[in-house]
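A.B. asks: First the structure, then my questions, so here it is.
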Amino acid sequence: QECLSQQQALSAVRQMQKVLAAQEAAQLRGTRALRHQLALLQRQATKRNETCPRPAVPLNGRMLGRSVRVGHDVHFVCNAGFRLVGSETRGCRHDRTWSGTQPVCRSIDDCSSNPCANGGTCVDGNQSYTCLCLRGWSGPSCQSPVYACSNASFSRQPRCAEGRPGSRRCACDVGFQMRAGGVCHDVDECQLFQSSPQTRLCLHDCLNLPGSYRCLCPPGYLLHADRNTCEDVNECSGKQHNCTQGDLCINTFGGHRCVRPKCPPPRHNTSYVKTSAFQCERNPCPVESPACRLAATSISFHYLPLQANRTVPHVLFKMSTTRFVGDSLRFTITGGRGQGVFTVRRSDRQTGELVLTSPVAGPATLEVELEMSEFSRKVLLGKHIFKVTAFVSPYEF
């Protein structure tokens with residue numbers, strides 16, 4: 001048998017060194033993985049014994065569940081006559097803090113059953129409701145008619161003072177006017193000023209009160225500090241929405257919507273993965289699938305709150321690309337409902353705009369699908385789909 005040459009021996013030694021090095025690396029990786037697993041088990045065992053500070057139980061409510069250890073949940077319910085605002089369930093997290101918002105038990109809004117008769121307006125208080133009655137009605141529920149001769153709220157006696165011998169001066173309180181018979185009658189500011197856009201007192205609705213008036217706002221709004229304009233309530237930030245788990249809350253003017261954007265199902269070797277709450281990205285295409293390469297590279301979802309009868313033209317949405325490798329971009333509307341009130345225009349070389357061209361009366365939901373295509377020498381490099389939904393409010397504010 002012939003001996004190995006020097007070159008063959010060196011090659012065999014190098015091959016053996018590679019095998020030993022690979023075995024050593026595999027053993028090192030296994031040891032590291034084992035140490036990592038042990039550390040995780042120790043951390044989990046430690047976490048099981050950690051607790052969160054005991055959560056505050058809301059007034060007029062109670063807590064269900066006693067365990068305040070990490071990984072456990074507690075639940076809150078309110079007593080009869082109260083409703084829960086905030087998180088119904090809170091979980092003790094690994095950082096020893098509670099998930100969700102602190103719940104509060106508030107009195108049930110008796111106004112939901114419309115207890116005020118004869119056009120009265122119900123105002124919800126901390127513990128009960130109050131009816132603000134229209135002129136001619138009184139009582140806890142505005143159920144009793146009031147006659148002019150006995151209306152103590154909207155008519156009253158003037159304030160009089162004796163002057164020179166045989167003379168007497170009388171005057172009415174602010175908000176009242178002297179009429180025949182020497183009686184002070186209430187000035188209906190709402191009737192006098194609210195009907196004209198130039199003199200109107202309230203942005204939405206006006207309620208006449210004895211000697212004064214009060215501005216009212218529709219559901220979903222609060223009266224602003226100026227006492228005449230209405231301010232939208234953000235139900236999403238205040239946890240006042242009814243969206244289920246997995247839904248996304250979108251605040252609108254005067255309300256909110258619950259949405260759940262979904263990627264399109266796989267088709268023609270084309271599939272998408274959700275990379276964020278509002279974005280889908282196309283998976284890599286098989287080499288033999290031209291249909292996949294012609295499909296959109298990304299699909300994004302956009303939800304816009306919109307006031308009714310918005311002044312036009314009004315730019316609603318802008319689309320652009322941060323990495324422009326082609327020589328031209330094309331922006332088009334490819335579908336949707338209510339697209340007749342939209343148009344697309346280019347604002348610069350890399351940016352397109354979705355423009356509202358006609359005022360829209362609410363409430364309404366408009367949907368439009370936009371496409372941004374990138375070309376190089378008239379060859380399509382890629383395209384992006386923007387699905388835009390506009391929620392139009394019933395009100396102009």
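Cβ atoms are placed via backbone N, Cα and C, with glycine included.
Note that the structure is predicted; figures quoted are calculated from it, not measured.
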A.B. asks: What residue among C78, C133, C142, C149 is stated in TrEMBL to be the disulfide partner of C105?
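C.D. replies: Record-based pairing for C105: C78.
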A.B. asks: For the domain 'EGF-like' (186-231), what are the DSSP-based totals of helix, strand and coil residues?
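C.D. replies: Taking each residue of the domain 'EGF-like' (186-231) in turn, the totals are 5 helix, 16 strand, 25 coil.
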A.B. asks: What whole-number Å value do you get for the CA-CA distance of C133 (disulfide bond) and C105 (disulfide bond)?
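C.D. replies: Pair distance, Cα basis, whole Å: 29 Å.
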